[in-house]
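The block underneath contains the structure these notes are about, expressed in structure tokens.
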Amino acid sequence: MANFNTLNYRTAASSVSIKGEHNSIREYITSYRVVVMIITFLCILAVDFRIFPRRYAKTETYGTSLMDLGVGSFVLANALVSRQARNITSVNWKTAIVSISPLITLGFLRLVTTTGVDYQVHFSEYGVHWNFFFTLAAVSILTSFVNVPPRYSGIFGLLVLVVYQFCLIHGLNAYLLSNERGMDIISQNKEGIHSIFGYWGMYLVGVQLGNYLIFGSHSSGLRSTRWVQMRVWILSIVFWLLTVFLDKHVERISRRTCNLPYVTSVLADNLQLLSILMLGDLIPGSKTSVLEEALNRNLLATFLLANILTGLVNLSVDTLSASSITALSILLVYAYILSTVIGTADYFGVKLKFW
């Protein structure tokens, strides 16, 4: 499985790097994925302290904030370099089931631990029992079973998103954003289960973008950095314009339902970030550090460890009453421990893989 995982770029790098350029496309993608992860693991703990500006916290229904981008960015960052984007033949259904079992296990472990220690969970985010790991597993299995060629995955993903958005504006959004829940498992986890279609559509679009920008064929057989830079900037502008239009005339952006405007906003934000990183060509020298490589090769492991450390901090410290100095000190130690563990694991060749 390569849907939601750290990916070793050593093999793929040869197909996307150009000799003589300051930085290969691989290095920019690496930096982009690591930046997304660093922002994510810092925010998931920082938000529990009073020093974290509330305007950056997740919105309840409609609107945008920094933390609203986290889940979508994680999905997109993995889609861009997935097996599907590299046009690698999909695995059979038995292998796919086995490959997602660790994600399902992590989902149940999170459910059991948060319930067992009475950890504060916002049910409005995914539901009573659902969590992000279940969403990753669901999108992964859908992508494995519905085998769409990368050059058509964006069109298919857009079709999924449009149909899902049609259902949202015709009553589904009112149901998902209401506080009413039935006793059945679907109603108990309505946000997490229905938003799968939004994340799946986003993932499929990301697959085609990755294939088109990074791994696809070109006249020379390679993607030059300048070629990619221009198209990333253009696509970013297009998605921003589309987001403004959809937010104004279709439905406001909602991470909770993962609607079409949310998907286009995630695409616009992430492509803009990637395009800014690509301006690094103006500065000579390599931009990829050893720690970046380590985090990039263990992206999901980093996210998992960050969640564990965040839970431990919340169980041992009253974060809401912590002073600014205390909060900053905890965040620095947290980041240091996370970087050290992942860096050490990478040094010894330990990688958390799910395929």
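Placement of Cβ uses the backbone N, Cα and C atoms for every residue, glycine included.
If you look up TrEMBL, you'll see 30-49 (among others) marked as transmembrane segment.
Positions annotated as transmembrane segment by TrEMBL: 61-81 (among others). Using a Cβ-Cβ cut-off under 8 Å and counting only residues 6 or more beyond its ends in the same chain, the transmembrane segment (61-81) has close neighbours at 3-5, 7, 9, 12, 29, 32-33, 36-37, 39-40, 43-44, 47, 55, 132, 135-136, 139, 177, 199, 202-207, 209-210, 213-214, 252-256, 258, 262-263, 265-267, 269-270, 299, 303.
Annotation source TrEMBL lists transmembrane segment at 93-112 (among others).
Summarising the annotation, TrEMBL assigns transmembrane segment to 132-149 (among others).
Positions annotated as transmembrane segment by TrEMBL: 155-176 (among others).
What TrEMBL records for 197-215 (among others) is transmembrane segment.
Through the fold, the transmembrane segment (227-246) approaches residues 25, 209, 212-214, 218, 253, 260-261, 264-265, 267-268, 271-272, 274-275, 278, 281 of its own chain, all at least 6 residues removed from its boundaries and within a Cβ separation under 8 Å. According to TrEMBL, the feature transmembrane segment maps to 227-246 (among others).
Under the heading transmembrane segment, TrEMBL lists 299-317 (among others).
Look at TrEMBL and you will find 329-350 (among others) tagged as transmembrane segment. Note on the transmembrane segment (329-350): residues 41-42, 45-46, 49, 290-291, 293-295, 297-298, 301-302, 305-306, 309-310, 313, 317, 322 of its chain, located 6 or more positions outside it, place their CB under 8 angstroms from a CB of the stretch.
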Stretch among 30-49, 93-112, 155-176, 197-215, 299-317 sharing the most Cβ pairs under 8 Å with the transmembrane segment (132-149): 93-112
Beyond the flanks of the transmembrane segment (197-215) by at least 6 residues, Cβ under 8 Å: 3, 12, 15-16, 25, 29, 71-72, 75-76, 78-82, 84-87, 135, 138-139, 142-143, 148, 150-158, 160-161, 163-164, 223, 228, 231-232, 235, 257-260, 262-263, 266-267, 271
